[in-house]
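Going by TrEMBL, these are the annotated features:
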DOMAIN    1-431  domain 'Major facilitator superfamily (MFS) profile'
TRANSMEM  75-94  transmembrane segment
TRANSMEM  100-122  transmembrane segment
TRANSMEM  134-152  transmembrane segment
TRANSMEM  158-179  transmembrane segment
TRANSMEM  240-262  transmembrane segment
TRANSMEM  277-297  transmembrane segment
TRANSMEM  304-324  transmembrane segment
TRANSMEM  344-368  transmembrane segment
TRANSMEM  375-395  transmembrane segment
TRANSMEM  407-427  transmembrane segment
Amino acid sequence: MNKKKLPMNLSTFTSGMNIAWPSPMLVKLGDGTQTILSHPLTIEEGSWIVSAESLGCVIYNPLVALLLDYIGRKYCVLLGVLPKMAAALLYVFATEVWMVIFARALQGLSDSFVFISIPVYISEISSKDKRGAFCTYFQIFSSLGIVFTLSAGPFMSYLLFNIAYAVIVGITSLPLLFLPESPYFLLNKGEESDAMNVLTFLHGSELLAKQEIKECTIKTNEEKLSMFAVLKSSTVRKTLAISITFCFGAQLVGYNAVAYYLQTILISTNTSVMPEIASVVIGVIQFISSLCTMFLTDRFGRKIILIFSLIGMCIGLIGLGLFFRLMPSDGETIIGFLNYLPLISLIIVVYCFNAGLGSLICVILAELFDGPARAFGVSISLAVNTMMIFVTSKFFPMVLESIGPAVTYWCFAGVAILMCLFVTFCIPETKGKSFAEIQRELEWKKNETLDIDSKCF
């Protein structure tokens with residue numbers, strides 16, 4: 001693993017811990033013997049705790065987009081540490097539900113900085129032939145954080161786990177102070193010599209640095225365009241439409257609704273498989289799948305991985321729905337293959353999502369946009385992404401109660417099929433291409449026949 005890309009990914013480790021935080025913590029907060037709150041958590045309160053983070057991201061993303069081009073990528077990554085530490089301390093000292101919800105909203109502010117700044121930062125400091133692999137580090141470290149939470153959370157007290165979380169946030173934040181600034185941002189500010197030094201350090205070659213400086217300098221004047229000027233470009237508008245649709249569908253497949261309520265779902269299956277052990281297994285599977293993507297994304301390309309990812313998710317979600325359709329309703333002991341069907345289905349869903357869609361969504365967004373449109377386009381797309389996370393996580397318990405788990409999971413499977421078609425016809429392949437080459441392909445696609453163009457809109 002490239003040590004030059006390591007520090008900023010340490011921040012995604014703690015973000016991963018926070019993503020999985022509701023899975024073990026909701027169970028503890030809802031247990032009268034374990035909760036640190038004044039009363040056991042209700043289902044409605046739990047849904048707000050789960051969704052407050054993503055709702056915060058929707059609100060904060062436009063602010064982060066402005067700061068990204070104003071103060072730079074490095075300082076945006078550093079700013080993300082402050083609300084994360086504040087949230088960690090609130091977790092420790094919370095006594096009322098509103099305090100936990102507020103902490104989750106602060107985590108949303110931190111995640112806005114992390115999930116916008118870091119993919120943009122990594123895409124701008126990586127060479128085009130390694131950009132996909134380096135961007136997947138983001139998901140790998142996030143998965144490591146998820147594994148830690150799912151492995152330790154169920155077996156530690158609420159207070160002890162959150163103290164450990166606060167300590168880890170502090171330790172992993174220190175290396176961020178030594179990050180170099182993005183060379184693209186430096187060039188945009190007219191600091192060519194500093195950009196040259198950063199590129200030489202990153203690529204280990206002054207010749208490669210000069211070649212990239214030459215390519216970047218061509219776009220220097222474009223970087224100073226306003227947001228409204230950027231939106232005058234039909235290519236930017238088309239790219240924005242593709243990326244927003246991609247993010248919209250990526251969350252309607254329901255993965256985050258499943259992930260946030262993982263331990264609760266496992267308990268509801270009433271099988272003989274221990275939910276705590278099953279959640280650890282699923283966490284490890286998630287990490288392994290993210291690790292696999294690092295080696296595959298620059299070998300096979302983004303589109304083929306996304307397509308197989310969505311097909312696999314569809315199979316797993318169908319299996320999960322089938323279990324709840326066949327599950328005895330009278331408390332009868334579940335035996336045979338049916339006993340393991342929910343765990344197998346969840347493993348398939350988790351593996352396929354993180355081996356494809358989960359690992360590549362930030363990669364795709366960072367690669368589709370170029371120049372002055374990158375920060376703006378990525379932030380808007382991620383705002384839609386987090387808005388849909390809020391919708392799916394907040395209303396997931398209500399939908400389960402309304403139409404039942406079987407139909408709910410089958411609806412998610414149907415969305416996965418539609419997303420597979422969208423990726424096939426609308427997402428350009430970005431493997432091994434420079435930002436300029438990707439933009440030329442988007443411009444070329446714009447001039448294709450109406451039949452092809454209509455598939456994307």
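In case you wondered, yes, glycine gets a Cβ from its N, Cα and C as well.
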Same-chain residues at least 6 beyond the ends of the transmembrane segment (134-152) with a Cβ under 8 Å from one of its Cβ atoms are 1-2, 5-6, 9-10, 12-21, 23-24, 118-119, 122-123, 126, 161, 164, 259, 262, 279-280, 282-284, 286-287, 289-291, 293-294, 297, 354, 358-360, 362-363, 366
Positions whose Cβ lies under 8 angstroms from the transmembrane segment (75-94), at least six residues beyond its ends
8, 11, 14-15, 18, 36-37, 64, 67-68, 100, 102-104, 106-107, 109-114, 116-118, 121, 159, 162-163, 165-166, 169-170, 173, 176-177, 179
Among the ranges 100-122, 158-179, 407-427, the one whose Cβ pairs under 8 Å to the transmembrane segment (375-395) are most numerous:
100-122
Long-range CB partners for the transmembrane segment (240-262) (under 8 A, at least six residues beyond its ends), listed in sequence order, are 19-20, 22-23, 26, 50, 54, 146, 150, 231, 279, 282, 310, 313, 317, 346, 349-350, 353, 357-358, 361, 364-365, 368-369, 373, 377, 380-382, 384-385, 388-389, 391-393, 396-397, 408-409, 411-412, 415-416, 418-419, 422-423, 426-427, 456-457
Please indicate, using numbers and ranges, the residues of the same chain that are 6 or more beyond the transmembrane segment (407-427) and have a C-beta under 8 Å from a C-beta there.
242, 245-246, 249-250, 252-254, 257, 302-303, 306-307, 310-311, 313-314, 317-318, 320-321, 324, 357, 364, 396, 399-400, 452, 455-456
May I ask whether the transmembrane segment (158-179) has at least three C-beta pairs under 8 Å with the transmembrane segment (344-368), counting pairs 6 or more apart in sequence?
no
